[in-house]
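Data first, discussion second: the structure below is written as structure tokens.
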Amino acid sequence: MAETSIFPIMMLTVMIGVGRGVTDSPGRVSRCGERPAANTSVSYGLLSRIVGGTSAVKGESPWMVSLKRDGKHFCGGTIISDKYVLTAAHCVLEKNFEFQVSVSIGDHDFAVYERSEQRFAIKSVFKHPNFKPSRPFNYDLAILELVESITFDKDIQPACLPSPDDVFPTGTLCMALGWGRLQENGRLPSSLQKVVLPLIEYRRCLSIMETVDRRLAFETVVCAGFPEGGKDACQGDSGGPFLCQRSQGRWVLVGVTSWGLGCARKWADNILDPVESKGSPGVFTDIQRLLNWLSENLNQDKPDFPTYQVQCSTNDGIEKGTTGEILLPTGYKKYYSNNEKCIWTIIVPRGKHILLTFKSFNVECDYSCDLDYLVIYSALGRLIGKFCGDVSPRPLLIADASITLKFISDFHEYKTGFSLFYEAVEPDTYPDSDCGSVAVIFEEGEIQTMNHPHLYSSHANCQWVVHSPANYIIKITFLVFEVEPSEGCIFDRLVVYHDLQGTVVAGFFCGFALPDPVLSVSNVMQITFTSDYSANYLGFRAVISFVLPSSPVKPEKGNNQPRKNQDAMQHFDEGCGVSPLPPRFLYHNLIKAEEAMPNSWPWHVSINFGNKHVCNGAILSKTFVVTSANCVADREEFPSIGLIVAGLHDLESSINTQKRPVEYVIVHPDYNRLSKDYDVALIHVQRPFQYNSYVQPICLPDGHSRLEPSKLCVVSGWDLNVELSTKLQQLEVPVLMDDVCKKYYDGITDRMFCAGVIAEEDNASCLAQSGAPLVCQSAPGTYAIFGIVSRGVGCNETPKAGVYSSVFLFIPWIMETILSVAGIIDTDSEPHHPLFPPDKPSQQKALLPDSPPSSSSQDIYVTCKDVLSLQSPGEIKLVASGQDGPEGGRCQLIFQAPEGHFILLTFKQLSHEHYSLIIYEGASSNKTFKAQLMEEKIPTIMKSAGAVITLEASSTAQDSALHLWLSYSFHNQN
């Protein structure tokens, strides 16, 4: 089939109230864009590919379609309703297509029969009339109408079509799916593949395409991909879906796989490459641009479908005056139209506020109001509320003289619309609210934070006043609760009052624990929600009900604060690279950083000089921090003014932090101030860090870890965006190929690499977030530090990717430097984390570069009975018990390196009962005592003074037990 590729769009939504009586449309068991059979979480941390991708998990793409000719797959498609499938127009060109092709759904692996598989015949084909085979990259879209209706279940669901308001920013990670070739002209897979690609800015895509052929004109496309290639859709993926995820979790069909130059070719150097080597981003048909055509063809079989096809079926525009009414639809029309977009602006006299009262309301219901909805904005564009369902929203008092209402409908399911009155009222009718509204509630129902299920806004100051009938009290029951946690709820919080004056507190709440229900003491309750300028979360959703008091209610103050404020902190074992509070990405955008979950990067530290945040670093051990040399090179002679702050999220708050004075600074001896080569340094602190839920070390990469191009990693820091943020930010960045990096930067050495998106807007590390760690997943949930920010580009210039020092290449220097402090690393009273990530034994070598794994490396499993001489680097596991002999066990491990070398022992595991473990320098009669190993005080690494070292284990007890696992490597003394 034709070549391929990918691209897209997104939006921010809100809901103050969703109507009751949610019912599915006929034949719909679930809602579009949901995956009931799959884990709802999506990890982009370990990047996937179709060309360069991974196998999809069964159930995570229930809308996927395979078009088959003679039983063989040739194109993909997407289920969008119980009767319709979307595919590419270039897939349906053959004569009598509907009689030659079948639609297969519920299929995941072509090699095996699956109970979810279903085949459908095609009734009719609607190809976009503007599609031309001679110019197949425009209007490349077709609708397949099925003979029979699809019955939805957990394995088969439709994808959502985009709404006119959906916007997915440049850099957003989206997903393409298909059974296409795994490489250009390569084999076809049997199981469904997926690839995650970032959206490319439209103008940039056009400029790239001009390097292919200036005659190409792209009108209805979106583009996605990495400049260095390696990941794309390919032959056989055509017609398949390209989906982006809304912030509350739904998957939206943003594009249909259409076209591309080759498969996964790089296009960063297209101008320089010969014609036969040029590549392109993935090119997808832009569904949002073709919504009107889709609506006309998807609804023509509905007898009651409104035939008027205008942007808004009623007179929208500006409404002025002290009172008025807004109706949709109007006149003889019974239903509003599909694909409507109506906008009203209400303006009342200056100094007045606006009271909205809904007379009727019936809009297609959806839990997140993403299908059809009415949305209200303040004069400054702040989102006030988003509504859908069949229950009228409660009266809204907006503290402004101007508001904007927008109504959006999708391509199916039309209802009878709404009727509302607006009225200008005096400002003192109820207290003002910076939230933009005061909800006055006289009926039972639901309330929720602004923007829910999206993040609530900063500087919110929202208010609900609830009145119950006489003789009833008010009960608030929380369904969802996620508000920025803090000691005493000093940042963001929900407060419930027993009175309108706000003097009698019924409860205050923040964090992630679901509060207990709150009862009022009378028929009045006031609820307020406030937020500061950052760290926004999902907020809350709660049910208001009126109940009869069973007994006199005493005002009690409630809260949801757990002991020691560790409600979201998981139990964790001491180690490295694991956060007690796992990181969370809401937007999966490769260009614009977002605020991190507090303390989700617990190794990140602020390096202060003169009581001011200067740069960043990462904790390697309880006494060592790694950073960039350019951060500290001019300050290494003045360590006394340095301070390391760990456990820090907000630069303006010291909650949960540990402050450690700098003892000394060690800059790499080969650091060059001009070229920034060897840009790495270590800081030794005067007192050890205490590991807890907020402070943890990061792992070093192990000996088998390599950074592949396009691998997604994470950089964290306080100034990743244009303006300095006081809250820690995070940004996902893809690793770039060396030749791409060298194209944009001069002086790139073997000790540097680049990561980030080259785009026409702000980018990674643009303010030279010096010393910030770049961490990558070494295993699910475990991170290692692969890079240290060395330099970036000012945001006012054309953005480039950030330049990072390669930590892997500095491991020998890091270890040598730390070991030079003492023969044994950090042996204070607590056990220490390994400096390398936990993994399978075969991946635990973590050897220094001058002692690479080889055919002579040993992986040995022994019992404690004899003397074992080890003369090649490797690993050993020693297991013994008192049952090995009547007098316990005794053994020696003699590690012997070549002359002129020293030995590094890396301890990975030690547990013993009634065993003595002693390390000696030398062997036999020439050995001298070096250290005794204690289970509660195990070192991470031990360095020998000479070329021979002996480990002796002995026990005389029959109930003794020993488990020891270590690796050993040999290194030149010079």
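Cβ coordinates are placed from backbone N, Cα and C, and glycine is handled just like the others.
Source: prediction; values computed, not measured.
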Have a look at Asn796, Asn926 and find the one that Swiss-Prot tags as N-linked glycosylation site. Asn926
Can you sort out which of Cys174, Cys205, Cys223, Cys312 is the disulfide partner Swiss-Prot gives for Cys244? Cys174
Of the candidates Cys741, Cys776, the one sharing a disulfide with Cys754 in Swiss-Prot: Cys741
Can you tell which of Cys631, Cys766, Cys776 is bonded to Cys713 by a disulfide, based on Swiss-Prot? Cys776
With the cut-off set at 10 Å between Cβ atoms, which of these disulfide-bonded residues ends up with the most neighbours? Options: Cys174, Cys462. Cys174
Find the shortest Cα-Cα separation between Cys713 (disulfide bond) and the disulfide-bonded residues Cys244, Cys312, Cys342, Cys388, and name the residue that gives it. Cys244
Disulfide-bonded residues near Cys223 (disulfide bond), in sequence order, restricted to Cys75, Cys369, Cys462 and a 10 Å Cα cut-off: none
Rank the disulfide-bonded residues Cys244, Cys312, Cys489, Cys631, Cys776 by the number of other Cβ atoms within 10 Å of each Cβ, and give the residue at the low end. Cys312
Shortest C-alpha distance to Cys631 (disulfide bond) - which of the recorded positions Glu117, Cys205, Cys342: Cys205
Between Cys174 (disulfide bond) and Cys205 (disulfide bond), the C-alpha gap once rounded to whole angstrom: 16
Which of the recorded positions Cys75, Cys91, Glu117, Cys388, Cys615 has its Cα closest in space to the Cα of Cys312 (disulfide bond)? Cys388
Of Val112, Cys205 (the recorded positions), the residue whose Cβ has the fewest other Cβ atoms within 10 Å: Val112
